[in-house]
Amino acid sequence: MLDVNFFDELRIGLATADDIRQWSYGEVKKPETINYRTLKPEKDGLFCEKIFGPTRDWECYCGKYKRVRFKGIICERCGVEVTRAKVRRERMGHIELAAPVTHIWYFKGVPSRLGYLLDLAPKDLEKIIYFAAYVITDVNDEMRHNELSTLEAEMVVEKKAVEDQRDADLEARAQKLEADLAELEAEGAKSDVRRKVRDGGEREMRQLRDRAQRELDRLDEIWTTFTKLAPKQLIVDEVLYRELVDRYGEYFTGAMGAESIKKLIENFDIEAEAENLRETIRSGKGQKKLRALKRLKVVAAFQTNRNSPMGMVLDAVPVIPPELRPMVQLDGGRFATSDLNDLYRRVINRNNRLKRLIDLGAPEIIVNNEKRMLQESVDALFDNGRRGRPVTGPGNRPLKSLSDLLKGKQGRFRQNLLGKRVDYSGRSVIVVGPQLKLHQCGLPKLMALELFKPFVMKRLVDLNHAQNIKSAKRMVERQRPQVWDVLEEVIAEHPVLLNRAPTLHRLGIQAFEPQLVEGKAIQLHPLVCEAFNADFDGDQMAVHLPLSAEAQAEARILMLSSNNILSPASGKPLAMPRLDMVTGLYFLTTMIEGDKGEYRPAATDQPEEGVYSSPAEAIMAMDRGALSVRAKIKVRLTQLRPPAALEAELFENGWKPGLAWTAETTLGRVMFNELLPISYPFINEQMHKKVQARIINDLAERFPMIVVAQTVDKLKDAGFHWATRSGVTVSMADVLVPPQKQEILDRYEAEADGIERKYQRGALNHKERNDSLVKIWQDATEEVGKALEEHYPADNPIITIVKSGATGNFTQTRTLAGMKGLVTNPKGEFIPRPIKSSFREGLTVLEYFINTHGARKGLADTALRTADSGYLTRRLVDVSQDVIVREHDCETERGINVTLAERQPDGSLIRDPHVETSAFARTLATDAVDADGNVVIERGHDLGDPAIDKLLAAGIDHVKVRSVLTCASATGVCAMCYGRSMATGKLVDIGEAVGIVAAQSIGEPGTQLTMRTFHQGGVGEDITGGLPRVQELFEARVPRNKAPIADVSGRVQLEEGERFYKITIVPDDGGEEVVYDKLSKRQRLRVIKHEDGSEGVLSDGDHVEVGDQLMEGSADPHEVLRVQGPREVQIHLVHEVQEVYRAQGVSIHDKHIEVIVRQMLRRVTIIDSGATEFLPGSLTERAEFESENRRVVAEGGEPAAGRPVLMGITKASLATDSWLSAASFQETTRVLTDAAINCRSDKLQGLKENVIIGKLIPAGTGINRYRNIQVQPTEEARAAAYTIPSYEDQYYSPDFGQATGAAVPLDDYGYSDYR
């Protein structure tokens, strides 16, 4: 199958001026857009038809040619080509600049690429580009060296002349002063007059001296500057530069602005520079080496690929097609235009003015100013606001530049390429459809008609209800009666997709078979609400229609709701009875002592009662009113399987349908068991929600999905039926306040008063008082709760609802009827005054306000949490999107050890509580062997519940399982390492996008995690929990309360100072001691297991193992990586993330977290490059690193040395090989800048890249191995296809040609291209 846009990779690079001119269809010379009278584009303007193509199909500008027959002609009057108007979306123009400008991305990005290339500081670069300083581009060293002595002599002569002049002037002035004084003396002037004259004379002489000295200093400065003149040197002083040019102009050239940068790049020798930098890296140290490494990255980029650094300085600016920056007329004659037109107009205006000034031969200062303005306008066009104040439009709004069009949520990448709107879709409010089967949904008639319109129209024409498509369309629009019959027919067997936003995991979109319903609301099956997280308080859902046969097949086979009963996160069923259904089944299976028609054994005076020969007889008795559903009876059963223990006792060969046995149970329970599959053992207990969950779990593990779907549907129907009959309602009368409440409160109030008195006397400090009060009132609340529980009758509806597990919990009941108890303030501390009223009695004003405090915090928290959790999911999806199952088995021997059970001192095994999320659904990596060496289960076997039970029975407590952490696949993971797909219960299929499933499984419960950081005991010691902790782990940040870990195994020496601990570890192997000092006493020492088995705080002389934590808090994952290596840090991260989710009662399988952690440790940082191409300090994929090293070693070279790095998910997503994926994630401009300089090529292997370019994603059924399937007929089919029909068919058909009628052996013919 061929793709429409079939290309293998996508490359990005720097465009040179020649490229830009080649793309262009003409130069834009005028800033005009359209003529305000005729509303036609101006010639040579930004919308010119001559450059960009005609505005109307097949019409030139002047109207000489109108019609398709002139296609391709260029009109000789107006120069417009006669073609489609669509070309205005793809034809580009350009602006020839009168002076070169630099591209702001490469100059202003951090780090400045231009600065690194030319070895100039960004500040200096800015001065040069924006005409604040001159830069020396070239010095003629040889000439200067040869003539230096002559020039020096000239300089000496000049200085001598200045000095002589100075001496002569001073001499003359001194003589004049003498003469003046003599004259004054002769006139007999006063002494102060004489003094003034003398002072004046001396002052003038001082000025003469200073002026001469300044002149000499300037000559010195000019000379020293000249002798030390070197390329890339900045001269900020304009006067100094002028003097240099006047005197020594022939020895050097200098310039300012982008032209000087262009010259520097032209003269730049990339090869030599790269060699120098490599040398510096080999021999250098410290800062110098770091700088060289960073520069080499940029220099080497230009050295290896076809990019020319000249692309960073532009001589021409491309103009994007006019349809991509449209101008639209609003009503009222005004125009709305894209900001780009404004930005382009500024560039053109300034460029034209600059051309004119140059032609006029204007003074350099004016020309330079205009060039600076041109540079600024091009900067604003590419990235407005990156440098200086942004250019604003009307209303002081910054204009959106080309970069802004790509960036952020509203940018091209995320808004248009990754989030397109879809045709054949609709949305409406949802209501419950309890009569539906699990795989059905109710679709409003009108909606269905609109969605299936083309199908209906075609069918109407086929059935001759309409002559042509047009009349069929009219029929549909007028909703003629025949249309509905046809719609029924078209809609059959055509699944539709339902989606509820926010789609947090893949079960947010499921396929259903539509059933037409009246009204305008979509009807949704009650059991799928859990997966969609939908309720019927006004939620809306969207409907999408899969069109192609493949899409319909996928929807039916993979997405049908009855095939998606299990959660992809934990493998537990999601389609479970909830709420009313649970209540109904709980009611049905309750047994009530002494109810009507109860079984009574035979006594002397009366026969036995309540014994029935079959369930049917019991039901008849119930219908007569002689028996209650919940009464205990004895009944003979033939169609229900006895419980396992009983079956073994009664039937040696096992039970078969039809064999009779007697059960002591209730009619309700018999009816419940009739809903289950026939071979499922009888369950004789009350159906709490947990029990129902256990049963469905069991069914999912043992029966095909179809059976499970049918069973849950039956349970739903029975649940609703009996919930209605049970008459469970809630009214005010059901909320009973316990009578002993007041007495309990008075007792505790007295205790609290005692504490308060102690506090007033100063016997307690504030904290102690608060803690005591909190303790007292917590006890009080608990006691009221107990009293409440004893006071309520068992058949109270509220208690029934809570006890059955339908909804609510006991705390809520206590709040309603008992007392609310203590509440927290926004800091999370308890307010020591309790709320003594219940909601039934009503709160006092003070209590009400205390209560609102915490409640509002809760609401604000939820809103923040939703946003944070969504962002976490987005980062997780981005980092893991290219983890796809690529092969069946990577053949690795490695795996990880998981615990199945805890071995007790007496040798018995207690099943580990976390088996469900660790060992379950994995593949064994080695044979599981019991104590006697017998193989219980061989390697490669899948660990389901039965297998785990078998291992525990054999006394095995540890097994080694395959894991994605140890998978050896180069790209993606293999099916055996991943193990069973949680959603299907079978080995994962090749092509499954396990990365995205993992991200969704971790992100979806994110909203349930708390935002808060808890305060637990101790001073100032916060335990970060909830969402912040998960983010901290996945971003690989240093934790907030970092705890040191032991670098080596050894004995601890602990010293206590005033404010700090100092811990020294003496290693067991006699190595160097490891010292940890300055450990703050605000963190407590860790509780560890001592060698004698007791637990206690770490103390002097204890023994610690490598990697043990020494203080309370969280270990820094980077430290764990350094001390214990990559495998340990992976296990550490998985464990820590699980801790957070388990604390919230969320069940996620370890394998999902492992997929993400695997992505965090994919890279290696190069320490020494050896004979490879890698740059030291660069990050490389582990697979690439290993294959390159193998290649070099095979050639006899020195391999590279590297160490694994742990990257946070954001950093890992940005470091991906695919620049398209990284650019559409975050920091778009930075990613594109880097990719362009390195001339990066995108192999299009991940999902996002393919979505962006509009190809099918390489996952699921879009993976190559499924799309390149060819159907080859079998021998029989070929024989059938190629025989000649015989005459007995009553058809006369002559023989064609000389063939015998035998099958043609197609295998002998090549299928290659016949050319």
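Keep in mind that glycine also has a Cβ here, set from the backbone N, Cα and C atoms.
Under DSSP, C78 (Zn(2+) 1 binding site) is assigned to coil, being neither helix nor strand in the three-state scheme. For C78 (Zn(2+) 1 binding site), applying a Cβ distance below 8 Å and a minimum sequence separation of six or more within one chain yields K43, E49, K50, C60, Y61, C62, K64. Marked as Zn(2+) 1 binding site by Swiss-Prot: C60, C62, C75, C78.
As annotated by Swiss-Prot, Mg(2+) binding site applies to D535, D537, D539, with the evidence given as sequence analysis. When other Cβ atoms within 10 Å of the Cβ of D537 (Mg(2+) binding site) are tallied across all protein chains shown, the result is 5.
Its Cβ placed at the centre, C974 (Zn(2+) 2 binding site) has 21 other Cβ atoms within 10 Å. Classification of C974 (Zn(2+) 2 binding site) by DSSP places it within a strand. The feature Zn(2+) 2 binding site is assigned by Swiss-Prot to C890, C967, C974, C977.
Cα of D537 (Mg(2+) binding site) to Cα of C967 (Zn(2+) 2 binding site): a span of 46 Å.
Scoring each of the binding-site residues (C60, C62, C977) by how many neighbouring Cβ atoms lie within 10 Å, the top position goes to C977. Distance between Cα atoms for C890 (Zn(2+) 2 binding site) and C75 (Zn(2+) 1 binding site): 65 Å, as a whole number. Annotation for D539 (Mg(2+) binding site): same-chain Cβ neighbours under 8 Å, separated by at least 6 residues, are V429, I430, R500.
Within the same chain, residues at least 6 positions away in sequence whose Cβ sits under 8 Å from that of D535 (Mg(2+) binding site) are C529. Of all the binding-site residues given, namely C967, C974, C977, none has its Cα within 10 Å of the Cα of C75 (Zn(2+) 1 binding site). Around the Cβ of C967 (Zn(2+) 2 binding site), 27 further Cβ atoms fall within 10 Å across all displayed protein chains. Apart from D535, D537, D539, the Mg(2+) site neighbourhood in this chain, defined by C-beta within 8 angstroms of the site C-beta centre, holds I430, A534, F536, G538.
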